[in-house]
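Copied from TrEMBL, the annotated features are:
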ACT_SITE  87  active site
BINDING   16, 128, 130, 228, 229  Mg(2+) binding site
DOMAIN    2-229  domain 'Endonuclease/exonuclease/phosphatase'
REGION    219-238  region 'Disordered'
SITE      199  site 'Important for catalytic activity'
């Protein structure tokens, strides 16, 4: 809440809430000046969209008929922009059921976009994608080669998703800059800057045309009992 109050973004997408809708701190969010659309789940997963204006046309889940109880996606319209907050599966280990579920989930999300949207619409997808798109997004390529979050299949699944007409807003502005958004809690990974860039904000062409800046708020990772992720942000012109 301190970060929310100090930075005052227009829209915030949250992932891995690990709480049910009724447990979400709605009152504190309102006091900070935000409305919230929440898709929670006990203990695991959970996503939300916070906005200074009330989110409209809220959709929870992929709604594709697949028997999937994971709360991994919520979408809403904010000031004419369709906003999606997504928490991609981790994948656990290569070849596991969780890994295959992750690849399938990416395919399902692409079909969700194809069914519901057009690339010419103002659309932004924000989330913990659990994929480092390229070697530049990995602190030690040799160490992570073939490991979950960095495999060719995961990267191709992400590329296929972005083939809908999505642009990585950070990489668009900074094609050669190495920044990370996640650091393991162990082995002093954060102070050593041994991380991955697995949190991304993707946008369609109408928003890319209005792209101003993007970055990672590394300072937010320095607090007491922080997340292992740092907030990533993108600014668009009105």
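Glycine is no exception: its Cβ is also placed from the backbone N, Cα and C atoms.
A TrEMBL annotation is a machine prediction, not a hand-curated record.
Projection of TrEMBL feature records onto the structure.
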| residue | record | DSSP (3 states) |
| --- | --- | --- |
| 16 | Mg(2+) binding site | coil |
| 87 | active site | strand |
| 128 | Mg(2+) binding site | strand |
| 199 | site 'Important for catalytic activity' | strand |
| 228 | Mg(2+) binding site | coil |
Going by a 10 angstroms cut-off between Cβ atoms, which of the binding-site residues 16, 228 has the sparsest surroundings? 228
Sequence-distant neighbours of residue 130 (Mg(2+) binding site) in its chain (C-beta under 8 A, six or more apart): 88, 89, 90, 91, 102, 149, 154, 198
Between residue 229 (Mg(2+) binding site) and residue 199 (site 'Important for catalytic activity'), what is the CA-CA distance rounded to a whole number of Å? 8
Using Cα coordinates, what distance in whole Å links residue 228 (Mg(2+) binding site) and residue 199 (site 'Important for catalytic activity')? 11
Using the centroid of the Cβ atoms of 16, 128, 130, 228, 229 as reference, list every other same-chain residue with Cβ within 8 Å of it (recorded Mg(2+) site), in sequence order. 15, 87, 182, 198, 199, 227
